[in-house]
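As structure tokens, the structure follows; a few thoughts come after it.
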Amino acid sequence: MLLPQLCWLPLLAGLLPPAPAQKFSALTFLRVDQDKDKDCSLDCGGSPQKPLCGSDGRTFLSRCEFQRAKCKDPQLEIAHRGNCRDVSRCVAERKYTQEQARKEFQQVFIPECNDDGTYSQVQCHSYTGYCWCVTPNGRPVSGTAVAHKTPRCPASSCDQEQQSALEEARQPKNDNVVIPECAHGGLYKPVQCHPSTGYCWCVLVDTGRPIPGTSTRYEQPKCDNTARAHPARTRDLYKGRQLQGCPGAKKNEFLTSVLDALSTDMVHAVSDPASPGRLSEPDPSHTLEERVVHWYFRLLDKNASGDIGKKEIKPFKRFLRKKSKPKKCVKKFVEFCDVNDDRSVSLPELMGCLGVAREEGRTPAKRRPAPRGNADSTSNRQPRKQG
């Protein structure tokens, strides 16, 4: 989310005194004399929009913006015209600074990157001995810099990066700082914008990393609000999640009654050639419960959008009121399933809230008998050819 902090890199060693190990703001020392001595506040508001890719992997919207950045970092060059290719900022910055270190700045700071292209949580400057914590987008976390030891980093989140961005935005002539918009639980909102330029883009909600090819200007892009760098396992999303009015044993009884009723309906659908709920070729790796949920989801998802919307969910609510027990568990069950609060239910959400999401590495469980029918004939029967 933050524009690259390459202005911190040159002459970093001269700004770090050999102080004892003590905590202070990383934003305090990750500055260079160039920032103080030069007036680089060019007004690029009316400049023609012709993107340039800098040697640091950053895309500049105009030549004016590139010149403003080069004023702060004279080593910056134009890599090519147009937007930068799909390389993460950490990887691009690492490559750029390694080249700097090889040529002339042996004391330059070289960032460490994770496998997914985000910044490693702990960054260190080997020349000075200082280490500090950063967000996945490389923004230093205030108060974490220590000398000659590894800092203890708090859990990274959008809220943490937002606070650091607000602190940096208060610095003089720093109007190009992007301040992230945050959702609940430390996640990023799927759409992020830079008001001063009018550009918006989609991000991965767990790391805030921009998704290539989603940038728009003066309009909001359509973004996937579940896109993650590290997808959460469905079973983890519902672990410890409370179903209001339906605690413990009652919740287990309720889920069992729902799956039993759905299994019965699927048996009837398979047996009746005229039934609209025909089964497609079953996945042999699925348990009976998983096949039941897949079947019912396809039945509800009339427009094949991959989500059960507000209108499509109504038959599910009627089904729950009619065929499940105890009835107290019905009232809030749809809200319980909608774990990301987008007012629709996806297949992973339906699997998770019904308790049939398979754990990673788990072998298929034995199929439990389906009520009012033969389990083996139901789960192994090949669908009749239509027509």
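Glycine residues also receive a Cβ, built from the backbone N, Cα and C atoms like all the rest.
For 1-21, the entry in TrEMBL reads signal peptide.
The average pLDDT computed over the domain 'Kazal-like' (34-86) stands at 76. Per TrEMBL, the feature domain 'Kazal-like' maps to 34-86.
Per TrEMBL, domain 'Thyroglobulin type-1' is recorded for 87-153 (among others).
Residues or ranges marked as disulfide bond by TrEMBL: Cys124-Cys131 (among others).
The Cβ of Cys153 (disulfide bond) lies under 8 Å from the Cβ of Gln121, Val122, Cys133, Val141, Thr144, each of which sits 6+ residues away along the same chain. What TrEMBL lists as disulfide bond is Cys133-Cys153 (among others).
Among the features that TrEMBL reports, domain 'Thyroglobulin type-1' is placed at 155-223 (among others).
The disulfide bond annotation in TrEMBL covers Cys193-Cys200 (among others). Around the Cβ of Cys193 (disulfide bond), the number of neighbouring Cβ atoms within 10 Å comes to 19.
The domain 'EF-hand' annotation in TrEMBL covers 288-323. With helix defined as DSSP H, G or I and strand as E or B, the domain 'EF-hand' (288-323) counts 23 helix, 2 strand, 11 coil.
The region 'Disordered' annotation in TrEMBL covers 356-387.
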Cβ neighbours of Cys124 (disulfide bond) where a neighbour is any other Cβ within 10 Å: 19
Disulfide-bonded residues (Cys131, Cys133, Cys200), the one with most neighbouring Cβ atoms at 10 Å: Cys133
Counts by DSSP class (helix H/G/I, strand E/B, coil) across the domain 'Thyroglobulin type-1' (87-153): 15 helix, 15 strand, 37 coil
Separation of alpha carbons, Cys131 (disulfide bond) and Cys193 (disulfide bond) (Å): 31
